[in-house]
Amino acid sequence: MIEADRLISAAVINDEESIDRAIRPKLLTEYVGQPHVREQMEIFIQAAKQRGDALDHVLIFGPPGLGKTTLANIIANEMGVNLRTTSGPVLEKAGDLAAMLTNLEPHDVLFIDEIHRLSPVVEEILYPAMEDYQLDIMIGEGPAARSIKLDLPPFTLIGATTRAGSLTSPLRDRFGIVQRLEFYQVADLEHIVSRSAKCLGLELTPEGAHQLARRSRGTPRITNRLLRRVRDFAEVRADGAINGEVAMKALDMLNVDAEGFDFMDRKLLLAVIDKFMGGPVGLDNLAAAIGEERETIEDVLEPYLIQQGFIQRTPRGRIATNHAYKHFGITREE
């Protein structure tokens, strides 16, 4: 199964980006959850503005769908500067990055999503740009080639990644501010989905918001997607209002259970329980058993299952916990 086909995927699906932009918070005062990140960024931004400096470079990492792009937009808005957006895979050549850097205004924010996917050649260009606000470029070819230095205006690089461990040490060490985004609490997601419903002109009761929030895997992007699908159900099968009962019926129909698990989550858990006696099972064997790539299991399926205590990683492999057995009503054999 392709990850983007899953309703509870944290990846961006189809035209969601334009909808997300419309309901995205613009300022830190509107930003819900991540209290430590919010408090720290308030201080760092205010201090930079008081000094008249560009904000230090920021690395934001964590699972997909938690608001890394949203936070980058908020930082630029709070600093009162332009935001230039790109991604690691798009910057194929050094010239691609050089063109973006030379078009920055003083204190602008350059946001690079999936920064762990930068090519080594492009990454080398970033080092002097981040450290000294200088751009080293080669003019000409062969024996006549020469290096020239261009001064850049002070700017802020914001890098976002789901795989901070894949960043090289020289790049990681050049970020003065490092923020990890955690899965959201249900209460925060209730606040987020209520705000989104208001922006979309939907009637959502507190009970409806709770049902959506608790099945959203701690991820705002999933919360907002479920809201749109439950809206469809409410308009066709009810009077358009989303209360607790309507939300439960809609989410059950969509095959999203009370823990926010879908078919793939249940398939993984049952594979560990049934095919491997609860584990431990190695990642390659587990990937073969459910027909998924190991990277998909590591980056997409496992993080939430581990965070919720349904799977444990051990030196010998993955183990299904008592929570997993209880979820399926299976008695664990000792």
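Note: Cβ is positioned from N, Cα and C throughout, glycine not excepted.
Source: prediction; values computed, not measured.
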*asked:* Looking at the ATP binding annotation from Swiss-Prot, with Ile23, Arg24, Gly65, Lys68, Thr69, Thr70, Glu131, Asp132, Tyr133, Arg174, Tyr184 already listed, which candidate in Arg214, Arg215, Arg217, Arg221 is the matching residue?
replied: Arg221
*asked:* Within its own chain, what residues at least 6 apart in sequence put their Cβ under 8 Å from the Cβ of Thr69 (ATP binding site), listed in sequence order?
replied: Thr85, Phe111, Asp113, Ala160
*asked:* Among the binding-site residues Gly65, Tyr133, which residue has the fewest other Cβ atoms within 10 Å of its own Cβ?
replied: Tyr133
*To the nearest whole angstrom, what is the C-alpha distance linking Gly65 (ATP binding site) and Arg313 (DNA binding site)?*
23
*Within 8 Å of the centroid of the Cβ atoms of Arg294, Arg313, Arg318, which other residues of that chain place their own Cβ, given that this set defines the recorded DNA site?*
Val281, Gly282, Leu283, Leu286, Ile297, Glu298, Glu302, Ile311, Gly317
*Looking only at DSSP and grouping its letters into three states, which state does Tyr184 (ATP binding site) belong to?*
coil
